[in-house]
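Student: Can you keep this structure in mind? I'll have questions shortly.
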Amino acid sequence: MTVHAIRTVGDPVLRTAAEPVTVFDSSLATLARDMHETMSKVNGVGLAGPQIGISKRIFTYNIDGHQGTVCNPVLEILDEETIEDDRTIEGCLSVPGIQMPLARPKKVRLTGVDVTGEELEIIAEGLLARCFQHETDHLNGRLFIDRLTGDDRRRAQQQLRHKTFQSNVDHVQDQRATTIGSAFSNKTGNSFLRS
């Protein structure tokens, strides 16, 4: 299995809507295994194709005893009530060092297909619902920081623009390279936050 480098904010692949998965073959199964391995090595709970430079509508997840791979996901909000009252902090492997409270709907239905092309449907609540929304955002060229509002958005923008943010990204990438191997030696350029 291959462990892939995690792309970080500033990489254009993170701001581009991913293309649908159309071929369900052994290469896709290998990609899914690699994504699970990468996610595990960096202690993630979800990982989308664009986060490793693959602009395809695929993500993996492993959270609260639920794990899998979803291709071409469609997300439907089943309960507009948000998880805001617990002020759940959200972060992202592609935005290292920035974590902010973010309200998300607490219940969703996710439909799509697995790596063999078989249809799937998952009703998710709580943290799993949050994960599905976060990863689906990645496939649409959005980061969690794009959903922030008010003071939280201003704080995130300040952190992204601060001179220490890029050095933090470099430090995280160096740690990943030391821990996992040379796959994480790729560093990306300037950070930005879409307004």
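Every residue number used here counts from 1 along the chain in the order it is shown.
Glycine is treated like the rest: Cβ placed from N, Cα and C.
Under the heading active site, TrEMBL lists Glu135. Positions annotated as Fe cation binding site by TrEMBL: Cys92, His134, His138.
Describe each of these features in terms of where it is and what it packs against.
Tutor: In the three-state DSSP reading, Glu135 (active site) counts as helix. Shown in sequence order, Gly46, Leu47, Ala48, Phe59, Tyr61, Val70, Pro73 are the residues of the chain, 6+ apart in sequence, with a C-beta less than 8 angstroms from the C-beta of Glu135 (active site).
Cβ-based neighbour count (10 Å, all protein chains) for His134 (Fe cation binding site) stands at 23.
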Student: Around His138 (Fe cation binding site), how many other C-beta atoms are within 10 angstroms of its C-beta?
Tutor: 24
Student: If you take the centroid of the Cβ atoms of Cys92, His134, His138, the listed Fe cation site, which other residues of that chain have their Cβ within 8 Å of it?
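Tutor: Along the chain, the qualifying residues are Gly46, Ala48, Gln51, Leu93, Ser94, Glu135, Asp137, Leu143, Phe144.
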Student: When a 10 Å sphere is centred on the Cβ of Cys92 (Fe cation binding site), how many other Cβ atoms does it contain?
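Tutor: I get 22 for this one.
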